[in-house]
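Taken from TrEMBL as is:
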| type | residues | note |
| --- | --- | --- |
| COMPBIAS | 27-38 | compositional bias 'Basic and acidic residues' |
| REGION | 21-46 | region 'Disordered' |
| REPEAT | 116-159 | repeat 'WD' |
| REPEAT | 160-196 | repeat 'WD' |
| REPEAT | 203-239 | repeat 'WD' |
| REPEAT | 247-289 | repeat 'WD' |
Amino acid sequence: LFWRVRTVRFLFGTASAAKAARAGGGGRDERDARRRGTDAAGARPPRLRRRVLPVPAGPTGLRRLAALRHRGFDWNDGLFDVTWSENNEHVLVTCSGDGSLQLWDTARATGPLQVFKEHTQEVYSVDWSQTRGEQLVVSGSWDQTVKLWDPTVGKSLCTFRGHESVIYSTIWSPHIPGCFASSSGDQTLRIWDVKTTGVRIVVPAHQAEILSCDWCKYNENLVVTGAVDCSLRGWDLRNVQQPVFELLGHTYAIRRVKFSPFHASVLASCSYDFTVRFWNFSKPDPLLETVEHHTEFTCGLDLSLQSPTQVADCAWDETIKIYDPVCLTMLA
């Protein structure tokens, strides 16, 4: 069972090979994947569409979705990431291939509330701080910079420099106020502190582009990275000389990795090998399950914060799938 959403390819919208070349250093696997998306939708004026998703009745959770009203925003360039406000259920931020961030209010059937245009190349990642009382957004770009934003202010608060290639992922620590991680095509994981605007820790985490990173929900010192070398590595930030675990099994670049919000040693990853894999890094045989239900690159993945068994993923085959993998059902 799945949603078939015609705009997903546009939401993954990729830039041309020329833009990838301009970014200066995108690895072969990631660049080839982006090249596959050159059929992204052309320029269209921003607007808000409303329609009911044709979701059939099915397992727990899907029956409810049939009645939900779906709202979708269009932008005139590829959209690479999205993050919800932590204090307003209607507000979200997206980032795009034209170097801008867009602030949207889903309660308004108009264009964006604000557009922030300071990055000089594609903005590939955006995240809203989860720390209460801290309304901060962080963005990472192909221009090799990270920018800090307060959505109530019309310009960025500061710019973080240090990465030597494309920045693929920026994510706030769920534990430490003002602290975030970034991963890059320069093969490093970096930990930053907004109070110093400088890098705190540099981890040469892989000998390949690092496309994703995530912070453990149960351990403020544990961060995982996923890379073009097909490996996942866990890092204890108190001692980064060696990874505390390495997970092997994917056969192509790892596009997204997510820690479980319910199990301290469980995480999930998706890859350009079309699979989603579930792991328990505390086990001698860590691979719990491999799910292969997409026919194209699997690029998006998240584990539900409400249900300990529910997962959503999406791919270039224009489908989003919501399901309960066997391994998580057994852990529940």
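Even glycines carry a Cβ here, placed using N, Cα and C.
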Secondary structure split (DSSP) over the repeat 'WD' (116-159) reads 0 helix, 20 strand, 24 coil
Determine which residues of the chain contact the repeat 'WD' (203-239) at the Cβ level, with the cut-off under 8 Å and only residues 6 or more beyond its ends counted. 26-30, 165-166, 168-169, 171-176, 181-185, 187-191, 245-261, 264, 267, 269, 271, 273, 279, 281
For the repeat 'WD' (116-159), what's the model's average pLDDT? 92
In the repeat 'WD' (203-239), how many residues does DSSP put in helix, strand and coil? 0 helix, 20 strand, 17 coil
